[in-house]
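Student: The structure's right below; bear with me while I get my questions together.
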Amino acid sequence: MIKHLLSGGDLDADTATEILDTAAEMATVAGREIKKLPALRGRTVVNLFYEDSTRTRISFEAAAKRLSADVINFSAKGSSVTKGESLKDTALTLQAMGADAVVVRHPASGAPHRLANWVDGSVVNAGDGTHEHPTQALLDAYTMRARLGRLAGLSVAVVGDVLHSRVARSNVLLLSTLGAKVTLVGPPTLIPVDIAGALAPGTDVSYDLDSVLPNVDVVMMLRVQRERMNDSYFPSAREYARRYGLDGPRMRRLPEHAIVMHPGPMNRGMEITPEVADSPRSTIVEQVTNGVSVRMAVLYLLLGGNNR
Amino acid sequence: MAYPPAARSSPPRQPSVKVILASADVQRVVDRIAHQILEKTQGAANTVLLGIPTRGTPLARRLADRISTFEDVAVPVGVLDITLYRDDLRRHATRAVGPTELPSGGIDGKRVILVDDVLFSGRTVRAALDALNDVGRPASVQLAVLVDRGHRELPIRADYVGKNIPTSLAESVKVTLAEIDGTDEVKLYGGQS
């Protein structure tokens, strides 16, 4: 097993499948009266969050607690970071407190990689800048496998702001490792030139959502980050919604079995309409539930044995 | 749990292998345990068999099969994976987690019989008792094993024992079952011949 989880590309097909299989076992714990396993008793997991997050932080916290680990939550607001403490000094502080794993979210791409060189414990990337978010990709893959029964051979469209999306990058890497075919869809301004070839060979790019929809098993909508809306990547929010938003008529062009995913938080009416978000095809709530199981699997596989 | 032959250095001795139970013996022993369960539980009413992976699982299925042949009672069978409850998780590389499958009726208020192949230190059973505690509240818990090789490290004993094998700690007992290994056999490795 690997020591850190920094990128969707860290995982080979066997390891990724092991995580998904373990997550399936962890999911059964959620249905029990006692939602607790003793596997990580006495281990300390630090959630180091330099960016706001609801579901990822809570999900990691719930995952660690269900495995009986001790959880320390750190958010940059209200910490010594506001006094100018560097990431390295913060990391060394955590090290001195005996953190066995550090779950880090940071606005700078690559921060978790740096951190991994400074601490002895395992580092889990919970989103770094516009780079990667590997546990999101794992939970997306888990959700696809749970709904559609397989990953190999699936056709997945990832739609929206690919340029700034760490979710898209991790998903392309992981899904192509697991044998799915990804098509990136969005306005040309939001899809980096050559990204498909650079991330994973076999990935396609399209600027026309309507032509892609009839041929996919999964359509994953990305959030349009509000702060980007005024940056002239597209003429107006309404135009974006008209061309790349998923609404009812577009959803009905999907094959019968296809599912709609969104990593959250959603901008209802922007990239996805309420009709789609609340339809039976939508897996948005399942994704949150599966997130806890997948993160339990990741923490167990990183910390459960003596893998140091 | 099956343990590999103990690694030994000098003086080099011929590793001996002794067959304790051959295929027909294993079947007779399983038959006997099934009869004993029926006798001790007054017909296996309100009883659930839970196999401890890996080889407890097929043993539990066989016992249920024999019980239904002898007395026409269907005893629910399940699987209890104990990986996450082991006390030696940190001493080994991360272990793969297997499925736990409880019978549809659950185990609350039932007489649960845990089934494993070899009873040795008792630590596996300790972990199984902890795991059981988290998945339900049985009325009582019993233990059935194919082989008891002694050397307990915890105050645990079996209610049904297929075969007591006196061993030294240098020896190891290996159980093979047709469902997993192709043949039914119990062998003792490493004894002096």
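Placed from the backbone N, Cα and C atoms, the Cβ positions cover glycine too.
According to TrEMBL, the protein carries these features:
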type	residues	note
DOMAIN	A:3-145	domain 'Aspartate/ornithine carbamoyltransferase carbamoyl-P binding'
BINDING	A:R55, A:T56, A:R105, A:H133, A:Q136, A:G264, A:P265	carbamoyl phosphate binding site
BINDING	A:K83, A:R166, A:R223	L-aspartate binding site
DOMAIN	A:153-302	domain 'Aspartate/ornithine carbamoyltransferase Asp/Orn-binding'
Student: Of these binding-site residues, A:G264, A:P265, which scores lowest on Cβ atoms within 10 Å?
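Tutor: Output over binding-site residues A:G264, A:P265: least Cβ neighbours within 10 Å is A:P265.
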Student: Excluding A:R55, A:T56, A:R105, A:H133, A:Q136, A:G264, A:P265, which residues of the same chain place their Cβ within 8 Å of the centroid of the Cβ atoms of the recorded carbamoyl phosphate site?
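Tutor: Residues close to the carbamoyl phosphate site, other than A:R55, A:T56, A:R105, A:H133, A:Q136, A:G264, A:P265: A:S53, A:T54, A:S59, A:A126, A:G127, A:V167, A:P263.
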Student: Let's see if you can do this one: DSSP helix, strand and coil counts over the domain 'Aspartate/ornithine carbamoyltransferase carbamoyl-P binding' (A:3-145), in that order.
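Tutor: Grouping H, G, I as helix and E, B as strand yields 66 helix, 27 strand, 50 coil.
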Student: CB neighbours of A:T56 (carbamoyl phosphate binding site) within 10 A?
Tutor: 22
Student: Tally of helix, strand and coil residues over the domain 'Aspartate/ornithine carbamoyltransferase Asp/Orn-binding' (A:153-302) according to DSSP?
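Tutor: The counts are 65 helix, 24 strand, 61 coil.
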Student: Round to a whole number and give the Cα-to-Cα distance in Å for the pair A:R55 (carbamoyl phosphate binding site) and A:R223 (L-aspartate binding site).
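Tutor: Distance between the two Cα atoms comes out at 14 Å.
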Student: Could you state, as a whole number of Å, the largest distance between Cα atoms of any two of A:K83, A:R166, A:R223, the listed L-aspartate binders?
Tutor: 32
Student: Go through the binding-site residues A:T56, A:R105, A:H133, A:Q136 and tell me which ones have a CA within 10 A of the CA of A:R223 (L-aspartate binding site).
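Tutor: So the list is empty; none.
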Student: Which one of these binding-site residues, A:R55, A:R166, A:R223, has the sparsest Cβ neighbourhood, judged by other Cβ atoms within 10 angstroms?
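Tutor: Taking A:R55, A:R166, A:R223 as the binding-site residues, the minimal 10 Å Cβ count falls on A:R55.
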